[in-house]
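Features reported for this protein in TrEMBL:
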- C356: active site, thioimidate intermediate (ACT_SITE)
- D299, S300, S301, G349, M350, G351: NAD(+) binding site (BINDING)
- 12-33: compositional bias 'Basic and acidic residues' (COMPBIAS)
- 203-261: domain 'CBS' (DOMAIN)
- 1-33: region 'Disordered' (REGION)
Amino acid sequence: MATNGSAAMNGKDAKDRSRSPRKELKKDPSKLTEEDLKDGFSAQEIFSSAITKSGYTYDDLICLPGHINFGVHDVNLTTRFSRKITLKTPIVSSPMDTVTESNMAIAMALEGGLGVIHTNLSIEAQANEVARVKKFKAGFIIDPVCVPPTMTLEELDQLKSKLGFTGFPVTENGQMGRPLLGLVTKRDTDFITDRKTRLSAIMTPLSQLVTEKEGIDLKQANETLQKSKKGKLPIITNTNLLVALVARTDIKKNVEFPNATKHPVNKELLVAAAIGTRPADRERVRALAAARVDAIIIDSSQGDSVFQHEMIKWIKKEFPEIQVVAGNVVTKQQAKHLIECGADALRVGMGIGSICTTQEVCACGRAQASAVYNVAKLANLYGVPILADGGISSPGHIVKALSLGAGAAMCGSLLAGTSETPGEYFYSEEGKRLKRYRGMGSIDAMKKGSDDRYFGTTSAIKVAQGVSGTVQDKGSIHRYIPYLTQGIRHGMQDIGAKSVSELQDMLQQGHLRFELRSAAAQREGGVHGLHSFERKLFDA
Ligand SMILES: NC(=O)C1=CN([C@@H]2O[C@H](COP(=O)(O)OP(=O)(O)OC[C@H]3O[C@@H](n4cnc5c(N)ncnc54)[C@H](O)[C@@H]3O)[C@@H](O)[C@H]2O)C=CC1
Ligand SMILES: O=c1[nH]c(=O)c2[nH+]cn([C@@H]3O[C@H](COP(=O)(O)O)[C@@H](O)[C@H]3O)c2[nH]1
Ligand SMILES: [K+]
């Protein structure tokens, strides 16, 4: 620059320049330096609040493309959830009562992510949800609906029409884990005209059943089913207690889950669960630990409280093998406090979720891209991963969260409405298939359970920090997560990052380039100028 400037003072050059200024500025392309080719801005330049004094969120930004020298399938999404847990899919489902119970946690873990069981349940019920995930074995039904021998065919008919399946184990008292007495299937029941007949009279008794003993694997179970030509195979203990049921129809549709998040030794799926910071939550932690939970998420909108500091230290002392995810935080100072108490990961996001009203009600929070970038930068110094929690409504948002330093994205609304979430589907007036989705700080959710977290049951006024609404049916997690991960892979390929760690190295070295988007640029980036269009998410 300085030499150019002084050259311009030189008489001859000054004359040339006045004649043809463009010629002077043209640079020999063979002499272009890295600096000449730099486009956009590093994250550091964008988020340095001293310059911008603004908070930005995902939609304010766009990632500039890099160079592609690998295929989309070569992109490796393996990432860190916490100090000790890695995931092959960087997606975690929120601890919300319309998002994650055991079915969701099982599906998320099978797809390589992780589910966090919400805490709006009694201690016993929450621990039971965790246990269901830990006991899950692909192809094995670990809690089949059982019936008692005293049940009549009439009652069985009602059960069948409600549940949609036809074969049931008959056990003492009709409970799981009790001695198996027999099995009733269509063959036993179809031609009986007196529907008052009790099952004990028509069931196939245990002595005539093909069964297998506890400990058998799916391959062996499959062989036995094929050899015996039966539809159902009860698995029992040496004393005939029912432990599981294997169904031929399930085996047929049982696919492999190569990305599943499993314990490296015992191969059980991993699962997390949320707790609060009240004294009674220590009892909850004990019950969750007994159910072999792998990670505990301390669920609070403002994690930097003495209550949480004490809880983290207590869990790490009592149950050092359990990973503790602390939060939520949005500033470096909050993050430092929680890391120094022993947090194994941090959850980042305040008031930015789709159902959140915290920023409006409490005036506190932070735009999410700024929160993720700043907290990740600090946490990275300690080797602690962060979860970008909330505000994710597309695979592109997940790419941006990873690009700003997050280990994984925690999603509520994005995953709500899938078939594995709690709650029944219903139809809107226009015929759309919907499920409920609500904030854990909404009046509805508080009424169900989180009540005393707020102001105690005696409090006269409940201030909502969330809303309750509906979302559209998204089908099964087993189709939806592959769509999301394929989208993320395309995004990372465009950026030129073959893995999450490579992406984050690029971030730290300033090689990852971003630009802020004006309001017009954001409009341009969306669908525009059409009379109408239909958005189909994927074709599979
Ligand atoms: N990510 C976000 O932006 C937000 C999330 N939420 C969700 O709503 C739910 C409830 O969140 P919060 O209201 O933040 O729950 P919280 O349990 O952290 O706080 C509720 C109230 O209880 C108090 N409290 C907690 N432990 C205490 C103790 N041991 N002794 C005395 N007082 C204590 C807190 O100071 C606060 O006033 C969570 O599921 C959370 O994820 C709610 C608001 C915002
Ligand atoms: O302000 C809030 N009031 C609430 O009632 C509430 N409930 C959940 N959350 C947080 O929102 C995240 C899910 O957000 P998304 O739907 O955008 O994925 C979740 O993961 C939570 O962090 C709440 N925030
Ligand atoms: K919000």
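Note that the numbers count up from 1, one per residue, in the order the chain is shown.
Cβ atoms here come from the backbone N, Cα and C positions, even for glycine.
Any TrEMBL annotation is an automated prediction that lacks curation.
Known features from TrEMBL, placed on the structure.
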{"residue": "D299", "record": "NAD(+) binding site", "DSSP (3 states)": "coil"}
{"residue": "G349", "record": "NAD(+) binding site", "DSSP (3 states)": "coil"}
{"residue": "C356", "record": "active site, thioimidate intermediate", "DSSP (3 states)": "strand"}
In whole Å, note down how far the CA of M350 (NAD(+) binding site) lies from the CA of the residue listed as 'active site, thioimidate intermediate'.
8
Mean pLDDT across the domain 'CBS' (203-261), rounded to an integer, is what?
87
When you measure from the Cβ of G349 (NAD(+) binding site), how many other Cβ atoms are you left with inside 10 Å?
29
Close-lying recorded positions around ligand 3 among D299, S300, S301, M350, C356, where CB distance stays under 6 Å
C356
Report the recorded positions (D299, G351, C356) that meet this criterion: Cβ distance to the nearest atom of ligand 2 under 6 Å. Use sequence order and write none if nothing qualifies.
G351, C356
Which residues does S300 (NAD(+) binding site) neighbour through Cβ under 8 Å, counting only same-chain ones at least six apart?
G276, T277, Q308, G327, N328
Counting other Cβ atoms within 10 Å, pick out the least crowded of the recorded positions M350, C356.
C356
Neighbourhood of G351 (NAD(+) binding site) by C-beta distance under 8 A, where only residues 6 or more apart in the same chain count
S301, T357, T358, Q359, E360, C362, C364, G365, R366
When you tally the Cβ atoms that lie within 10 Å of each candidate's Cβ, which of the binding-site residues (D299, S301) has the highest tally?
D299
As a quick check of your reading of DSSP, tell me how many residues in the domain 'CBS' (203-261) are helical, how many are strand and how many are coil.
20 helix, 16 strand, 23 coil
I want the residues beyond D299, S300, S301, G349, M350, G351 whose C-beta is within 8 angstroms of the mean position of the NAD(+) site's C-beta atoms, in chain order.
Q302, G303, G327, N328, R347, C356, T358, D389
Between the two most distant Cα atoms of the NAD(+)-binding residues D299, S300, S301, G349, M350, G351, the distance in Å is 14
